[in-house]
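A.B. asks: Annotated domain 'Aspartate/glutamate/uridylate kinase' per TrEMBL: B:11-297, in sequence order. Here TrEMBL flags B:Lys24 as site 'Transition state stabilizer'. The substrate binding site feature in TrEMBL is assigned to B:Ala95, B:His100. Sequence annotations record features per position, and here TrEMBL assigns ATP binding site to B:Gly96, B:Gly201, B:Asp222, B:Gly276, B:Lys280.
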Protein chains: 2
Amino acid sequence: MEETNLNQTIRCIVKLGGAAITCKNELEKINEENLETVSSHLRQAMNLGSCSTQVVGMDWSKRDAVSDISSSLCDFGDQCQFNVDFSRFVVVHGAGSFGHFQASKSGVHKGGLNQPLVKAGFVATRISVTTLNLEIVRALAREGIPSIGMSPYSCGWSTSERNVASADLSGVAKAIDSGFIPVLHGDAVLDERLGCTILSGDVIIRHLAEHLRPEYVVFLTDVSGVYDRPPTDPNAVLLREIAVDEDGKWSVVKPTPQSLNKQVEITVAAHDTTGGMVTKISEAAMIAKLGIDVYIVKAATSHSLRALRGELRHGIPDDWLGTVIRFSR
Amino acid sequence: MEETNLNQTIRCIVKLGGAAITCKNELEKINEENLETVSSHLRQAMNLGSCSTQVVGMDWSKRDAVSDISSSLCDFGDQCQFNVDFSRFVVVHGAGSFGHFQASKSGVHKGGLNQPLVKAGFVATRISVTTLNLEIVRALAREGIPSIGMSPYSCGWSTSERNVASADLSGVAKAIDSGFIPVLHGDAVLDERLGCTILSGDVIIRHLAEHLRPEYVVFLTDVSGVYDRPPTDPNAVLLREIAVDEDGKWSVVKPTPQSLNKQVEITVAAHDTTGGMVTKISEAAMIAKLGIDVYIVKAATSHSLRALRGELRHGIPDDWLGTVIRFSR
């Protein structure tokens, strides 16, 4: 695989979990409130060095009932001086209530592109996930973030038995070096063995982390982090720190194992075609193994904002709610 | 530039002109009626060998007021046997009333990505053109065409002083070989010299034609073809056949030069940042020089359907309205 050269290291790769930014039980419905807060948090996190608080939107398209956009453009004027120096982030989002339905109905993740239903499902899945991608790019752009949608399928990502077989990251690197924030997503892709499959956002994150080596990775989810059992269970305990060893094996450091009275369980959402928490923890462990801290935290909270800003890199405050996954020799 | 290998030759590259599929004087408004007819024509043209007339849509997303899509999926069933053997087409569309406003307001075509306004305009332009791309992919998918949106920016297209500098066509070739219909579009791209610029659909078409060598190319426009003066002029004469010589120079063959009482003029739309008819004819001439017939014809007419079906390849009927541009030794 081609080596990826960047002018400078990137600061953070952030995953917007499908469950955090969409209404998971309602077909193709965005959680507008969460998405707006997350976009604002991202702007604050990317804008660390700047004292500018003025937001100048970069989505100049029509919105719903608004047909005249000239008014929003007057803000720019000719002397327009808005901040576009954002620190280097990459955003990857999941599908949530976009794509999953189309993928599971047709079995795209199982392959078999020569079957008419699978081929139709492939097309339908891509339409659904790219619709979500466009909405997220627009939400970020409205916050003044120079976001650029980059569909993995179009960018040349493909798999072999669901493992990444090729991914031309030079386009992502070039976008970052040009000052843009690439926005990738879980996608339907071609698979050398299966014909096609679903490439999850978590697998994309791991691959990007491996090749772009960010300072830290943040997973924004719809729960506070990783629990010892399904978080809906009233006795569920939040795992605050997980250590990963050189073999990629992970163990709970905090709370101490003695205080946990049973083995760690993990939740798997019923219609999550890409594996839910199992995938997330093992992908996160693979990233931590590279020496990159991973924070799993609830989206649109003060805790996620702190994680995004990189405040946890020198120590985890006691009042921070979330899961840290890090390498320990 | 990497050589592009295809399993089989492709039949046709078709350009959906921005003016034909959008309402050019109304911001970001699709000409739904034209787009629907064009999509249906494309299905008929791609489905030549098939006697199947049943259309099974591949857009399973929510549409406007329709929130329950399960009904549309019942059509598939388990024994679903819909036709997915489409002949090999590539679709490229222009921007029309999408993108142009954002691009010209910020001067994206002139470059200068380090200027805040240009960077914002780059983001805004891409949002607008990818919105249109998604709508066109959905319209084609509703006709049962296995369409796949492929944004040139994401696919690695870039320019150097507005000429194509790199374009990884292997993704396009792979999509075609997998039985999909790639749908590309005019886009904002990075330019080695200028920082950024606008890559027009016409330039994309020429590059694709050169490397993929289709049997013929069709430009669907909002007028009947190329005229000797602005088509709004009541004395405008439709040029029915243009011959291109080995040097790429073109001359009108039909009607005979004697019958044209003045030199050929060409129209340039005032806010077409990519050059309008001038670009179109010279790009078309470059394609014809390769020995590939080019038909310029009004979208959503019986004439365009005949062109798309390849009926003109063995001779132009007298009752066909449009312009043929072909190589003549």
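Cβ atoms are placed via backbone N, Cα and C, with glycine included.
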A.B. asks: Round to the nearest Å and give the CA-to-CA distance linking B:Asp222 (ATP binding site) with B:Ala95 (substrate binding site).
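C.D. replies: Distance (Cα to Cα, whole Å): 13 Å.
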A.B. asks: Three-state secondary structure of B:Lys24 (site 'Transition state stabilizer') from DSSP?
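C.D. replies: The three-state answer is coil.
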A.B. asks: Mind giving me a neighbour count for B:His100 (substrate binding site)? Other Cβ atoms within 10 Å of its Cβ, every protein chain shown.
C.D. replies: 27
A.B. asks: If you measure from the CA of B:Gly201 (ATP binding site) out to 10 Å, which recorded positions from the list B:Lys24, B:Ala95, B:His100 are inside that radius?
C.D. replies: B:Ala95
A.B. asks: About how far apart, in whole Å, are the alpha carbons (Cα) of B:Lys280 (ATP binding site) and B:Lys24 (site 'Transition state stabilizer')?
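C.D. replies: A Cα-Cα distance of 17 Å.
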A.B. asks: I need the CA-to-CA distance for B:Ala95 (substrate binding site) versus B:Lys24 (site 'Transition state stabilizer'), whole Å please.
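C.D. replies: One finds 9 Å between the Cα atoms of these residues.
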A.B. asks: Within a 10 Å radius around the Cβ, which one of these recorded positions has the most neighbouring Cβ atoms: B:Lys24, B:Lys280?
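C.D. replies: Output for this query is B:Lys280.
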A.B. asks: Taking only the residues in the domain 'Aspartate/glutamate/uridylate kinase' (B:11-297), give me the average pLDDT of this model.
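C.D. replies: Mean pLDDT for the domain 'Aspartate/glutamate/uridylate kinase' (B:11-297): 86.
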A.B. asks: To the nearest Å, how far is the Cα of B:Gly96 (ATP binding site) from the Cα of B:Lys24 (site 'Transition state stabilizer')?
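C.D. replies: Between the alpha carbons of B:Gly96 (ATP binding site) and B:Lys24 (site 'Transition state stabilizer') there are 5 Å.
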A.B. asks: Secondary structure at B:Asp222 (ATP binding site) (DSSP, helix/strand/coil)?
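C.D. replies: Looking at the DSSP assignment, B:Asp222 (ATP binding site) belongs to neither helix nor strand, so coil.
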A.B. asks: Do you know offhand how many angstrom separate B:Lys24 (site 'Transition state stabilizer') and B:His100 (substrate binding site) by C-alpha?
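C.D. replies: Between the alpha carbons of B:Lys24 (site 'Transition state stabilizer') and B:His100 (substrate binding site) there are 10 Å.
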A.B. asks: Just checking, which of B:Ala95, B:Gly96 (binding-site residues) has the fewest C-beta atoms within 10 Å of its C-beta?
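C.D. replies: Comparing Cβ neighbours within 10 Å for the binding-site residues B:Ala95, B:Gly96, B:Gly96 has the fewest.
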A.B. asks: Using other CB atoms within 10 angstroms as the count, which residue among the binding-site residues B:Gly201, B:Asp222 scores least?
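C.D. replies: Among the binding-site residues B:Gly201, B:Asp222, the lowest count of other Cβ atoms within 10 Å belongs to B:Asp222.
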